[in-house]
Amino acid sequence: MMVCISSVWQRCSAFAARLQKKHWGCSLASLSARYYSTKTARQIPGMEYQDAICTLNTLQTNASALEEVRRERGNPQLQLQAMRGFLERAGLTVEELDHLNIIHVTGTKGKGSTCAFTEHMLRRYGFRTGFYSSPHLVQVRERIRINGQPIGKELFTKYFWQVYGRLDETKDAHGGTMPAYFRFLTILAFHVFLQEKVDLAVIEVGIGGAYDCTNIIRRPWVCGISSLGIDHTQILGDTIEKIAWQKGGIFKPGVPSFTVKQPEDAMVVLRNRAKEMRCPLWVCPDLEDYQTDCGPLRLGLAGQHQQSNASLALQLSHTWLQKRCLPDKSFSSTSVENTGVLQVTTFKPSPIMIKGLADTEWPGRNQTLKHGAVTYFLDGAHTMRSMQACVEWFRETAAQHESNASGPVARVLLFNATGERDSAAMIKLLVPCHFDFAVFCPNITEAIASCNADQQNFNVSVENMLTRCLDNERSWHLHNSLGDNKGTPLLIEDSLPLGSEKRADSLVFPCILSALQWITQGRDSVLEDPAKRVLSVKPSVLAKAVALRDAAEIHILVTGSLHLVGGVLKHLDPASSK
């Protein structure tokens, strides 16, 4: 996640102290007990949105919760058992979730885009939609959407304290345990959707499927699996077969399920999982196979890979509508069995579906923003397959923009990768894009400024993040055959040097804002906001920016991490933080 070094930590520390002051007259548990009722909209006195986020962030670093997660990795069944316990402590039941008319979607690449297409199409039919996704780009409340929009701060705050209060007041009877960050948000999403009386909920799996906390859902209306690949190997396994087994864990008896075309080894596993679960599994057709009166279907999301996501979304939406509008009839997709997998027959998308696909937006995925002479290409690709798709999209889209430029264009890569991912392999894929500069920075929005607690992550140290950036730069030089790189200093005046200064093709900055300000060289007015302090850059680094100042346009690809993309969007779209 994105982090802010300074003021948010101070605010959260001060907030924790407030909870302990004697003038409160009671514990947080007793306060919560007074105000958690789902029948009341009253607010705990003084509790604001940022206070809720600060409290939420404590669930990232709850030592007992982290230890619990480690134990459960050895016995994954415990994860779902624990989730059911937390759900009940929050005053909810799995039976209540049956009334949410859920569409459950997993996959390695494209599950968020599939959910976005699906939600948008069904919303256009006039249904009140709930949409739970992860991660967020700028604010946590982006994860929980009603009718396509993140829930408001007041609503988030109200529902947060209702759920947190119930969990807090029952923790002593359960060994002091509280749900970890993602578990809590999943419970909160279910609570919000039930209270807001949505007609349906589109639920995106967090990691995997079988043991993901969203899989306490018993009776979804339809399930979907987007493209599979290798990711989260420490949790899901290191082969496509092991990952497919985990993803197929969302299948439910008798519930129609759909998958895009998968590698054969993965398809065998999915087929067997479907047989075990006694559920029908269909393979989606190519998007071009759908018949329309208006030519090829147009998609609001860029990139060739979105076509399979759109086909999956069409099948999910179509199936959900059949059950909603024809509840007394069995699922009727005509199909032909082929090696044990059902091939679904295409249908003619309605005008509402066609319009829904064309108007779908999903920020941070193949997104292009033009700010005068500076164009940003944003894609949170963080696996090998998604990075390959990102490179194809960027090379095609950037070439189109360059053909319309009035003069020379400077290409810049802004990259970061987190977790266990093979950043060196992803960087190798980016080399053919022929960047003039490769810039690396951690997912720290600003080194000196105030920012929202939404962007904190206590699970990784700043030192580790900066070390990762220096490793990424070394990989860049290795793949560009530029010789051994012993490390680059952080390119800020008076910083401690971490190594000898290097050639102009790559740089490492300590935060996203400093990287953007150097890359754009004052040519994006949004980044020149007086409220955004410009850090002093070493003269030798300023001299390296001649190519950027002389270029007619600057094109920036931001990739490697959705959290990096979110940090960039926070600066490019200030309204997203309000």
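Each residue, glycine too, has its Cβ placed from N, Cα and C.
Residues or ranges marked as Mg(2+) binding site in TrEMBL: Ser134, Glu204, His232. Annotation source TrEMBL lists ATP binding site at Arg365, Asp379.
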State the Cα to Cα distance, in Å, between Glu204 (Mg(2+) binding site) and Arg365 (ATP binding site), rounded to an integer.
16
As a whole number of Å, the Cα atom of Arg365 (ATP binding site) is distant from the Cα atom of Ser134 (Mg(2+) binding site) by 13
Compute the C-alpha separation of Asp379 (ATP binding site) from Ser134 (Mg(2+) binding site), stating it in Å without decimals.
15
What is the total of other Cβ atoms whose distance to the Cβ of Arg365 (ATP binding site) is within 10 Å?
26
Measure from the Cβ of Glu204 (Mg(2+) binding site) and count the other Cβ atoms within 10 Å, all protein chains considered.
23
If you count the other CB atoms within 10 A of the CB of Ser134 (Mg(2+) binding site), including all protein chains displayed, you should get 19
